[in-house]
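Undergrad: Can you keep this structure in mind? I'll have questions shortly.
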Amino acid sequence: MATASPPRSPADQANDKRLKILEATMKRHQYRADALIEVLHKAQELYGHLTEDRLLAIAHSLHLPPSRVYGVATFYHFFSLTPQGEHSCTVCLGTACYVKGAMELLATLETESGLRAGSTSADGKLSLLTARCLGACGIAPAVIVDGNVAGHADPEVMRARVRALLDED
């Protein structure tokens with residue numbers, strides 16, 4: 001990522017309500033560096049994903065090095081640097097989930113969806129993602145489907161859920 005002040009794209013002009021909301025969020029947190037995660041959450045909520053320009057603008061506003069902002073945005077599974085599908089399915093690959101069959105579950109979902117982990121369907125309906133750990137080790141293997149955690153995830157049950165998402169009109 002570059003270190004210069006971020007260029008403003010046409011979508012980031014003063015009349016963009018999303019930018020005003022993001023600016024208000026940073027102002028509410030007094031542009032403190034320790035508000036980075038909250039600011040990234042708000043940006044993701046507003047824009048759907050975090051672009052390089054957006055990360056640079058946040059780094060500039062919070063007086064943080066771009067590498068720190070990028071590092072946080074790529075460390076946590078709930079941030080995305082690319083546009084995501086209308087629906088998302090995130091498979092935990094942490095140790096507990098791995099031991100309890102996460103790779104079999106992921107393979108089943110890749111086969112059913114025709115996607116590789118980390119990609120989105122051409123029609124924009126589904127993103128199939130993985131995470132290092134969801135913090136749901138007690139219910140391994142865990143999957144998040146559209147923001148809802150599914151514990152003790154069975155490959156066949158999850159296959160049916162993904163098929164239903166893909167078949168929605």
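The backbone N, Cα and C atoms fix where each Cβ goes, and this holds for glycine too.
The [2Fe-2S] cluster binding site annotation in TrEMBL covers C92, C97, C133, C137.
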Undergrad: If you run the three-state DSSP split on C92 ([2Fe-2S] cluster binding site), which class comes out?
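TA: Note: C92 ([2Fe-2S] cluster binding site) is in a strand by DSSP.
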Undergrad: Just checking, which of C92, C97, C133, C137 (binding-site residues) has the fewest C-beta atoms within 10 Å of its C-beta?
TA: C133
